[in-house]
Amino acid sequence: MHLKWKNWTHVTKLDPDKHLNPGAIEEVATSGTDAILLSGTLNVTPENLTALREQVEGYGIPLVVEPADTDGALFDGVDMLFVPSVLNTPDSRWVVGKHQRWALECPDIPWNLVVPEAYVVLNPNSAVGRVTGAVCDLSPAEVAAYARCAEHYFRFPIIYIEYSGMYGDPAVVKAAAEAIDDATLYYGGGINSAERAAEMGKYADTIVVGNAVYEAGVETLKATVRAVQ
Ligand SMILES: CC(C)=CCC/C(C)=C/CC/C(C)=C/CC/C(C)=C/COP(=O)(O)OP(=O)(O)O
Ligand SMILES: O=P(O)(O)OC[C@@H](O)CO
Ligand SMILES: [Mg+2]
């Protein structure tokens, strides 16, 4: 079933490689966030992904797996799969190579549950930045050009400005927003306050909050929800 994911303004990203106690999980699931993204770059295994999914299921909140590799593309018990392609890397494995291997190895991909994401990774110090070899020193205009061709040439439904682990440059997100017509713009990276959520929420259709859940706690998460909903 295809959820109305285009209406989401706030998504919480939980990392299978990190731990939250049951009380915190309940507060995340009832925080008002529109969906939970089960996603991480390092050390995601079928076991820890399944364990996290079992913690967050049953609250009636949309669950989306965002795999970092083909063996993480598990869709049992979740509503959708958001699959990244990192556009700003010279390493084509992260653009299309992994995806071709996936199509080769998995005959029964539920394509109707798959939503492709055009990632522009801009924090060289994040796990995703290191793993993918992303070229991060881009001007707002250069990022906007990725956003424009992602929507109008590659026809990606989501463009994701990814600063994972650091708070990004609002001018970059503004430029990307101005370059996009109908695609959905995601922003994630360093959102740990209502102010930051509101600032990026001016430009992005959907903001993603990850690390703050683990580092600042659920009250901070709720403040970021209130800022955009
Ligand atoms: C083709 C299939 C099924 C999978 C491959 C999908 C691709 C190309 C993924 C590349 C980008 C990537 C690794 C995305 C993972 C999601 C993500 C950006 C997680 C960010 O979390 P971390 O970068 O781990 O943050 P921390 O450093 O805080 O752990
Ligand atoms: O962890 P943070 O910095 O909130 O970033 C969220 C998400 O964009 C990570 O992929
Ligand atoms: Mg991680």
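Cβ atoms are placed via backbone N, Cα and C, with glycine included.
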(request) Would you identify which residue of GLY32, GLY58, GLY133, GLY190 TrEMBL lists as part of the sn-glycerol 1-phosphate site it also attributes to LYS13, TYR160, ILE161, GLU162, TYR163, SER164, GLY165, GLY210, ASN211? (result) GLY190
(request) Return the single residue from the binding-site residues list (LYS13, GLY210) that has the minimum number of other CB atoms within 10 Å. (result) LYS13
(request) Report the binding-site residues (LYS13, ASP15, ILE161) that meet this criterion: Cβ distance to the nearest atom of ligand 2 under 6 Å. Use sequence order and write none if nothing qualifies. (result) LYS13
(message) Among THR41, ILE161, TYR163, GLY165, please name the binding-site residues whose Cβ is nearer than 6 Å to ligand 1.
(response) THR41, GLY165
(request) May I ask you to report the DSSP-based helix, strand or coil state of ASP15 (Mg(2+) binding site)? (result) coil
(message) If you pair up every Cα among LYS13, TYR160, ILE161, GLU162, TYR163, SER164, GLY165, GLY190, GLY210, ASN211, the residues annotated as binding sn-glycerol 1-phosphate, what's the maximum separation in angstrom, rounded to an integer?
(response) 17
(message) Just to be sure I understand the packing, how many Cβ atoms besides its own are within 10 Å of the Cβ of ASP15 (Mg(2+) binding site)?
(response) 22
